[in-house]
């Protein structure tokens, strides 16, 4: 649903706006890197749960049991590949020619890779990455963020401490907005609605707005309980492939890629969350990054 990615960017731009942005260091790729057709992001019943499959270029090709007139019709290929028939009329996935990608409509379709190269679209990026399969360069190449490459300044220590303040407030506001729009849209589950209802009806809730970090810090201290569920909820939205209590680089992509051009501390923040440097962020690490106390971290809140 294209409306969701627009909704995400608008909210992020208003609630997470930071002075400058940060350049991303090269990262060792643990899993096949993320990939997204930004304008074609799929969503499930809950629009905040961006389907990570749209960002994952490492999924295996699968073939449906139903036999169609065109064998390629039900043969799925991962991003960067297209289906072709071999001499036996058997479907197979081959690298897509980048020149066959649709012409980009505008700047918003461009993406930046981690080697600081701008591609006309995610289609062009993945098609190029496919041609490098099996090489060291191809293994390390990944989609860094949405939009053309730009200078992203370093994230200062003082700025890093401000990031979770804005992020927490943003997560709370996203949930409240979804709750207000959820009459017949199934944007939230019934269990989620019960949790968010308490936040929505709390008269002490800080309304959405461009607040100074001092106010955000005071609000978190005074209304701490209001932020516990939003932090757990976002973890659950990202922990999808597989649902194992850990966030991989791929699973972080739906949240991370749109934010990097606007929030220059995004990458450094998520790196600091990985306390044991195993390239995965566990629930304890995630919640701790947002200031949630150990006694309040509860896997049963990931609903």
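Even glycines carry a Cβ here, placed using N, Cα and C.
According to Swiss-Prot:
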- 72-83: disulfide bond (DISULFID)
- 77-93: disulfide bond (DISULFID)
- 95-130: disulfide bond (DISULFID)
- 101-123: disulfide bond (DISULFID)
- 112-149: disulfide bond (DISULFID)
- 155-265: disulfide bond (DISULFID)
- 273-289: disulfide bond (DISULFID)
- 71-93: domain 'Follistatin-like' (DOMAIN)
- 89-151: domain 'Kazal-like' (DOMAIN)
- 261-296: domain 'EF-hand' (DOMAIN)
- 116: N-linked glycosylation site (CARBOHYD)
- 1-17: signal peptide (SIGNAL)
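Overlay of Swiss-Prot feature records on the structure.
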residue : record                      : Cβ within 10 Å
72      : disulfide bond              : 18
77      : disulfide bond              : 21
95      : disulfide bond              : 17
112     : disulfide bond              : 23
116     : N-linked glycosylation site : 13
123     : disulfide bond              : 22
149     : disulfide bond              : 18
265     : disulfide bond              : 29
273     : disulfide bond              : 18
289     : disulfide bond              : 19
Task: Sequence-distant neighbours of residue 83 (disulfide bond) in its chain (C-beta under 8 A, six or more apart) - done: 72, 75, 77, 91, 92, 93, 94
- [ ] Determine the Cβ neighbour count for residue 101 (disulfide bond): the number of other Cβ atoms within 10 Å of its Cβ.
- [x] 19
Open item on the list: If you compare CA-to-CA distances from residue 273 (disulfide bond) to each of the recorded positions 95, 112, 116, 130, 265, which comes out shortest?
Closed with: 265
Task: disulfide-bonded residues: 93, 130, 155 - member with fewest neighbouring CB atoms within 10 Å - done: 93
Open item on the list: Through the lens of DSSP with three states only, how would you label residue 112 (disulfide bond)?
Closed with: strand
TODO: Whole-number Å only: compute the distance from the Cα of residue 112 (disulfide bond) to the Cα of residue 101 (disulfide bond).
DONE: 17
Task: DSSP state at residue 95 (disulfide bond), helix/strand/coil - done: strand
Open item on the list: On the three-state reduction of DSSP, what should I expect for residue 155 (disulfide bond)?
Closed with: coil
